[in-house]
Amino acid sequence: MAGRLDEDLKDVTLLGNQNTKYLFEYSPEILEVFDNNHPNRDYFVKFNCPEFTSLCPKTGQPDFATIYISYIPEQRMVESKSLKLYLFSFRNHGDFHEDCMNVIMNDLIKLMDPRYIEVWGKFTPRGGISIDPYCNYGRPGTKYEKMADYRMMNHDLYPEKIDNR
């Protein structure tokens, strides 16, 4: 099987670029996509992002999380280095945990139009409480909409112990 041709990757500009510029403000425009070579089948793509940081909008204190992003692609897929830089752009962004996860999901839906996507943030405790917002989306009118409902109802049936962070 042949790999991808350079012309297939013309819109992927950050991967392999030695002059990467790190943005310090929320920057959804940095996200890049490439074509899904297997749109005829369902499969999950999962990103584990253990170095997410943002700021509390009230106190300005830093918040830290591992974010899990899973999606079933349609025609387009997010390029991982652009995703890394996008997530890094939240470093000085002041928003609540729940808002950050929904913003990330909405930006990825707008970018890729996936069949299904879920974003789960597992934030480290602050003040003795950890917050783990989960959001998902299934394309309306399809089996993925039903899948989203099912996964939402069952996403956290077995709460974890806090010692796993």
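Placement of Cβ uses the backbone N, Cα and C atoms for every residue, glycine included.
Residues within less than 8 Å, Cβ to Cβ, of C56 (active site, thioimide intermediate) and separated from it by at least 6 positions along the same chain comprise P62, D63, G94, F96. According to Swiss-Prot, the active site, thioimide intermediate annotation covers C56, on the basis of sequence analysis.
Marked as active site, proton donor by Swiss-Prot: D63.
The substrate binding site feature in Swiss-Prot is assigned to V78, E79, S80, H97, E98; the stated evidence is sequence analysis. Under the three-state DSSP scheme, V78 (substrate binding site) falls in the strand class.
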